[in-house]
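Taken straight from TrEMBL:
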- 17-148: domain 'Amino acid transporter transmembrane' (DOMAIN)
- 21-42: transmembrane segment (TRANSMEM)
- 63-84: transmembrane segment (TRANSMEM)
- 90-112: transmembrane segment (TRANSMEM)
- 124-149: transmembrane segment (TRANSMEM)
Amino acid sequence: MPNGGILSALDKYHGEDTSKVILGTTSLLVAIHCLTSFQIYAMPVFDNWECKYTTKKKKPCPWWLRTGLRVFFGCLTFFISVALPFLPSLAGLIGGIALTVTLAYPCLMWIMIKKPNRYSPSWFINWSLGLLGLVLSVLLVFGAIWTIATQGMDVHFFKTQ
């Protein structure tokens with residue numbers, strides 16, 4: 001099932017032999033995961049906006065403005081997902097670029113902040129994990145570019161596939 005997703009595959013291959021309660025629970029848990037992960041991964045955007053506000057106004061951001069900014073960002077991302085339905089084709093490329101923040105950035109930032117003794121075990125471990133994260137990110141980006149180049153990508157604005 002190309003671009004059908006895991007829930008479509010679950011329904012297609014296990015829809016007859018699995019109870020509706022389990023299928024419904026699975027769908028509900030996936031929806032909860034998507035809603036909560038959106039909040040987690042959007043947090044840097046919210047923090048950046050609030051930091052700019054507090055820097056400019058020299059006072060804390062009020063609750064109603066924070067709520068408004070979050071609703072605006074949610075509406076903006078919804079609009080982008082509707083306007084650009086071909087984004088799942090770019091998921092590997094976007095994920096490869098963002099993977100560096102998840103895998104390499106924390107390790108290298110820890111080294112910069114804590115300044116462990118050079119060549120100590122924690123220094124080696126963090127450098128190794130950071131470099132491994134960078135290598136995996138580069139490999140994922142190259143793989144995504146290769147996939148896009150070999151399979152192509154249909155681009156239709158405001159038109160679902």
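The backbone N, Cα and C atoms fix where each Cβ goes, glycine too.
At the 8 Å Cβ threshold, with sequence separation of at least 6, the transmembrane segment (90-112) lacks contact with the transmembrane segment (63-84), having fewer than 3 such pairs.
Within the same chain, residues 6-7, 10-11, 14-15, 70, 73-74, 77 sit at least 6 positions outside the transmembrane segment (21-42) and bring their C-beta atoms closer than 8 Å to a C-beta of that stretch. Helix, strand and coil counts from DSSP across the domain 'Amino acid transporter transmembrane' (17-148) read 114 helix, 0 strand, 18 coil.
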